[in-house]
Ligand code: FAD
Ligand code: NAD
């Protein structure tokens, strides 16, 4: 039987990064993945394929709506070849997951394909044929990192037929462009994939339970994105409680109660259910190892990300916290370094959140709502993207950067932005906050002109002394 210092169960961004860091630190490492390709949700059916389709659909929208204004004329009709678009997405996925194979080899990590189940706290059976339940292999590991990720959640009354009533996984490989896509859940997945199909020509109706889209982000971001989506003719129904989803032939009928308690019926041909994701521990046999799963289905961990079994750790979507690839990665590194006797640290307040719509939405630190609730006195500096020369050059006028700073000390407490390339720009805010910069610190740093990042400097000037230069 092969003996390892560390076995990692699950090869998503949490698991594969944990495995690499363990190997870098000299531990004999194995990784177990039940699917044929490595990379988990993120690389196979999450971050990477959704961004590939967002990029392709963005190019199409630009070609149809904006090229002419730029003086680019394309004779004849511009058409979408969905099959080709999906094939390109898959090629990107294949290339990326193949890259993880390479990284495992490079770091001498043993890869086992099959379902990993605990036999006890130090033994894992790896079953290559889940249907027969027969373990084909067993390994011994001094320490194990559970990185089994998450799966889409559903509402109890919805039958996902995965043809027309679908999750994000199917939405990434549709064979036709929906005529009318109904999106249940106006969170990250609903808005990103809703925008893909809106750009490709679908009518898109979003049905959201809360009183605003992206409800966990700063309310100002929700408001701005909602404005942009409405301008693009999305139908956005907030404060709607979905009661039923019924499939009749090629039609999908969604019934919901609106704020006044009136029943609303929406008919479409596809319905994307994007109401969150749930931690995944099926088949793990956690109890055999003494690993506690809480009533939310998460693997319970302490501040060292250690489970109730002292040699078993858990990271990523399967534990508490934001379900984000980069959060899972940080936790993978954290556990590996802890195992090697180092003293790593994660500041969860500084894990940025991004929605890859266009304009992009990005945030780090506290929202205004959180600061108010905590009774922290703060000041605000906000700068609109439309006031930038760079924004006018590319016609990306929507959005703003908002900086929240401590009223007394001027320390930056939160940065929230909607705008072109906000996903990349937020990194500046993360660096500033990691070093506990004040708004004035950022306002005194040179930002290249013309760039979108000038909005960060201007918002910092506005927060410091209400003296933005260009507005
Ligand atoms: P996962 O990536 O879910 O990987 C877990 C792996 O474990 C899977 O491969 C699974 O097969 C395997 N596994 C499970 N149980 C076993 C077992 N018993 N034995 C062996 N293998 C097992 N996050 C971002 O930060 N940015 C984005 O842009 C983004 N976009 C997304 C878009 C979509 C459509 C979706 C669905 C998600 C997106 N996410 C994004 C979220 C991101 O994918 C997850 O937060 C991330 O993948 C979590 O990583 P993980 O390693 O915890 O788990
Ligand atoms: P989410 O939590 O972002 O959004 C779910 C939305 O569904 C929420 O707005 C919620 O209020 C709403 N909702 C819940 N129950 C409802 C109901 N009964 N009726 C109507 N609306 C309802 O979840 P998601 O969009 O499914 O994404 C899942 C996870 O994947 C998220 O945690 C997210 O962090 C991650 N993800 C991240 C990215 C990114 O980083 N860009 C992209 C996609 C997914």
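Heads up, the Cβ atoms here are built off N, Cα and C, so glycines get one too.
Marked as domain 'FAD/NAD(P)-binding' by TrEMBL: 4-332. Per-residue pLDDT, averaged over the domain 'FAD/NAD(P)-binding' (4-332), rounds to 97.
According to TrEMBL, the disulfide bond annotation covers 42-47. Within the same chain, residues at least six positions away from residue 42 (disulfide bond) with a Cβ under 8 Å of its Cβ are 12, 13, 48, 325, 328. Annotation note: residue 42 (disulfide bond) sits in a helical segment as assigned by DSSP.
Residues annotated as FAD binding site in TrEMBL: 51, 116, 148, 149, 150, 317, 323, 324, 325, 326. With a cut-off of 8 Å between CB atoms and residues at least 6 apart in sequence, the same chain places 150, 277, 317 near residue 323 (FAD binding site), listed in sequence order.
Per TrEMBL, NAD(+) binding site is recorded for 185, 186, 187, 188, 189, 190, 191, 192, 208, 276. Of all Cβ atoms in the protein chains displayed, 22 besides its own lie within 10 Å of the Cβ of residue 187 (NAD(+) binding site).
Per TrEMBL, the feature domain 'Pyridine nucleotide-disulphide oxidoreductase dimerisation' maps to 351-460. Within the domain 'Pyridine nucleotide-disulphide oxidoreductase dimerisation' (351-460), the DSSP-based counts of helix, strand and coil residues read 41 helix, 33 strand, 36 coil.
The local packing around residue 449 (active site, proton acceptor), expressed as other Cβ atoms within 10 Å of its Cβ over all shown chains, amounts to 11. Sequence annotations record features per position, and here TrEMBL assigns active site, proton acceptor to 449.
Counting Cβ atoms from all protein chains shown, residue 150 (FAD binding site) has 22 others lying within 10 Å of its own Cβ. Within the same chain, the residues at least 6 positions away from residue 189 (NAD(+) binding site) whose Cβ sits under 8 Å from its Cβ are 50, 168, 272, 274, listed in sequence order. A simple way to gauge crowding: the CB of residue 191 (NAD(+) binding site) has 28 other CB atoms within 10 angstroms, across all the protein chains here. Ligand 1 lies under 6 Å from the Cβ of 325, out of the recorded positions 185, 187, 191, 208, 325, 449.
Checked against ligand 2, the binding-site residues 148, 191, 323 give 323 in sequence order as having a Cβ less than 6 Å away from one of its atoms.
In sequence order, 183, 194, 206, 213, 214, 274, 275 are the residues of the same chain, not among 185, 186, 187, 188, 189, 190, 191, 192, 208, 276, whose CB sits within 8 A of the CB centroid for the NAD(+) site. Across the structure, residue 187 (NAD(+) binding site) and residue 47 (disulfide bond) are spaced 14 Å apart at their Cα atoms.
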